[in-house]
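These come from Swiss-Prot:
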- 19-26, 81-85, 136-139: GTP binding site (BINDING)
- THR26: Mg(2+) binding site (BINDING)
- 10-204: domain 'tr-type G' (DOMAIN)
- 19-26: region 'G1' (REGION)
- 60-64: region 'G2' (REGION)
- 81-84: region 'G3' (REGION)
- 136-139: region 'G4' (REGION)
Amino acid sequence: MAREKFERNKPHVNIGTIGHVDHGKTTLTAAITNVLAKKGQAQAQDYGDIDGAPEERERGITINTAHVEYETEGRHYAHVDCPGHADYVKNMITGAAQMDGAILVCAATDGPMAQTKEHILLAKQVGVPALVVALNKCDMVDDEEIIELVEMEIRELLDSYDFPGDDIPIVQVSGLKALEGDSTWESKIEELMKAVDASIPEPEREVDKPFLMAVEDVFSITGRGTVATGRIERGKVKVGEEVEIVGIRDTRLTTVTGVEMFRKLLDEGMAGDNVGLLLRGVQKEDIERGMVLVKKGSITPHTQFEGEVYVLKKEEGGRHTPFFAGYRPQFYIRTTDVTGQITAFTSDDGSNVEMVMPGDRIKMTGELICPVAIEQGMRFAIREGGRTIGAGVVSKILK
């Protein structure tokens, strides 16, 4: 059977449901697919389809995630839903499911709970740009005043984490009633999706950003020069353009004299392409895995940064023992391991801790032995002897 072609006639946006356990994230996700399926914009899925999320591995970490897709009039969405709280933490920190925005699900019967707060904090820390609130289980609350109080509480909570609490839409829904086909509540799901369309900005396409390719391999072609291969992370590169080689050693300038993909010559390579770039005047010894090729002047290498880190439990293949400040692991950044040191850390809420236990989430300061192209929002893994013991996201560049 021929593979169905992915139609690119609508902008694509990645979103997900976040919020406290049992507030109805998965039921709401199922309800969205069912309501949109009636207009031919999704395949209807029930709770069980989504809840039985398969395991995935991302940077050596096992995560359960369910993926559904659907469309609205103006957009195509890929939507992620995670069964367990730990899956959310791992998913958001590893960037396994990069979110352009999220639907925060909060039950009107409970109001904001511990994980509601934790997911809002996590969304802020990993750079989820926009939220829409689905106030769920509204069919179970008769008193309009209670609903108003819960809405106020949610807005104050969003404000306290630097989201624009007053402006974020809060839509009253009942995932369960919509799933049962109650037309009043079905129309509320449509209202929610209109709010998502309007409030979650369309992401800048990777291809429109400045060029960057992490070097995976280097070889020389007799009579032609040195070729660096890798996947173009963003932007595009044309034959004849100047690019900089950044990281590990001093930054240097070179010219791209050829772009190859699947042994064919191209005029240009763009985001997502796996290419070989022929570089003028560069010896094989001058360039190595872990460096990046970038648009001139678009990026500088750094050695010191702050990060949000999830440290793997022993059962997940992580360490069996705690570590302390001064710990020297490898940081796996893009395509290579760089030795570094964790010079300081606090728990994720900013309180002081003496040591880090497997399973902890921390804020840490890291220092690398050589400068590499790190950027805010970038993901990395922490490794020890080739195995992953933690995953993180760069929250701030220090030096």
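Glycine too: its Cβ is placed from the backbone N, Cα and C atoms.
It should be emphasised that the depicted structure is a prediction, and the values quoted were computed from it without experimental measurement.
Taking the features listed in Swiss-Prot, we show where each one sits on the structure.
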{"residue": "GLY19", "record": "GTP binding site", "DSSP (3 states)": "strand"}
{"residue": "LYS25", "record": "GTP binding site", "DSSP (3 states)": "helix"}
{"residue": "CYS82", "record": "GTP binding site", "DSSP (3 states)": "coil"}
{"residue": "CYS138", "record": "GTP binding site", "DSSP (3 states)": "helix"}
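Counting residues 6+ beyond its ends, the region 'G4' (136-139) has Cβ neighbours under 8 Å at 23-24, 27-28, 105-109, 147, 172-177, 185 in the same chain.
Around ASP22 (GTP binding site), the C-beta neighbours below 8 angstroms that are at least 6 residues distant in the chain are ALA107. Taking GLY19, CYS82, HIS85 as the binding-site residues under consideration, the smallest Cα distance to THR26 (Mg(2+) binding site) is found for CYS82.
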